[in-house]
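Following: one structure in structure tokens, then a few remarks.
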Amino acid sequence: MRATVLGAGSWGTALASLLAGKGYTVTSWDKDAAVLDDIARNHRNERYLPGLQLPPTLHASGEVAKALEGAELVVLAVPSHAVRPVVIEAKRHVHAGTPIVCVAKGIELDTLMTMTEVIEDVLPVPLHPYLAVLSGPSFAKEVAKGLPTAVTVAARWERIAKQVQDAFHTKTFRPYTSGDVVGCEIGGCVKNVVAIAAGISDGMGFGANAMAALVTRGLAEITRLAVRKGANPLTLSGLAGLGDLVLTCSSDLSRNRTVGRGLAAGKTADAIQRELGQVAEGVRNARSARELAKRLGVEMPITEAIYRVLYEGLAPREAVTALMMRETKPEL
């Protein structure tokens, strides 16, 4: 099989390495020439996955047309804000019958579309049935190291979900299939916002009780938004919902949790992301998820609080107090 991964960041490189490790011929595309040169010459990506030796069947190209030539599987692994321009550039080179797997997690700010909605907005209608989403608790660094990981692959066509599942399945990477694309997308996007809240809680020393409450109530508001968008609520209790949320809220590998800890220490989100050298999707998603919730009439107090901390200058401690002092109500 020939596969193309659009995006050579940490996640794109980890998935490209996984596919190449199965013996597939894989081409990574990116706009960063230095990263591509490192992959092509040294079989490494020291910027995003330092210390990892990449398989010799992983190649690199800075030309979209060349990278997609003969591709039987396309993985879209760019940051959420880059999905539309990259798909616009790539659409002439993708053909019906080729599965397109989106691993970007976000809601487009201008349109409030999920990533697959953005892709469908750009691609010709005959390509829409071949879209899939891969999401779940999966840090790139651990996948690249071959540590056991389980994820969800969602597609509207069961045949496509199964095809993608088979392509990615290894002895250390186990995908489960689902037909709930929107549930997987909302879970994967909004958990990043809750993870910022988790980082704030941890950074301010609020303890385990607060963290448990935050994860539970965070899942509740993620589920409300997903269901309003047409998702099956059970999806949010699975890998793409609860699983991804727990991982991102609890691990020091989480960029979004790191942003929250930095905010608790008085840093700005911009300064924290410069230190990280990578995108923390929750910063952008806090704004778009809040706007989508307002449009759909969904109450999302944690998302609202993080938006105010990031964009209105609300002090993290005041945000916590505001959450705790909201009007009392039944849990369910």
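Every residue, even glycine, has its Cβ placed from backbone N, Cα and C.
These figures come from a predicted structure and were not determined experimentally.
As written in Swiss-Prot, here are the features:
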type: ACT_SITE; residues: K191; note: active site, proton acceptor
type: BINDING; residues: S10, W11, K31, K105, A140, R255, V279, E281; note: NADPH binding site
type: BINDING; residues: K105, G136, S138, K191, D244, S254, R255, N256; note: sn-glycerol 3-phosphate binding site
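Annotated features taken from Swiss-Prot, shown on the structure.
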residue : record                               : DSSP class
S10     : NADPH binding site                   : helix
K31     : NADPH binding site                   : coil
K105    : NADPH binding site                   : coil
K191    : active site, proton acceptor         : helix
D244    : sn-glycerol 3-phosphate binding site : helix
S254    : sn-glycerol 3-phosphate binding site : coil
V279    : NADPH binding site                   : coil
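Ranking the recorded positions K31, K105, K191, R255 by the number of CB atoms within 10 A of their own CB puts K191 at the top. Sequence-distant contacts (6 or more apart, same chain, Cβ under 8 Å) of S10 (NADPH binding site) comprise N45, Y48, L49, A140, K141, A144, Q278. Long-range neighbours of N256 (sn-glycerol 3-phosphate binding site) (same chain, six or more residues apart, CB within less than 8 Å of its CB): N192, V193, A195, I196, G199, T248, A280, E281, G282, V283.
There are 27 other Cβ atoms within 10 Å of the Cβ belonging to W11 (NADPH binding site). Straight-line distance linking the Cα atoms of K105 (NADPH binding site) and K191 (active site, proton acceptor), rounded to a whole number, equals 10 Å. All protein chains included, S254 (sn-glycerol 3-phosphate binding site) registers 23 other Cβ atoms within 10 Å of its own Cβ. DSSP gives A140 (NADPH binding site) a helix state.
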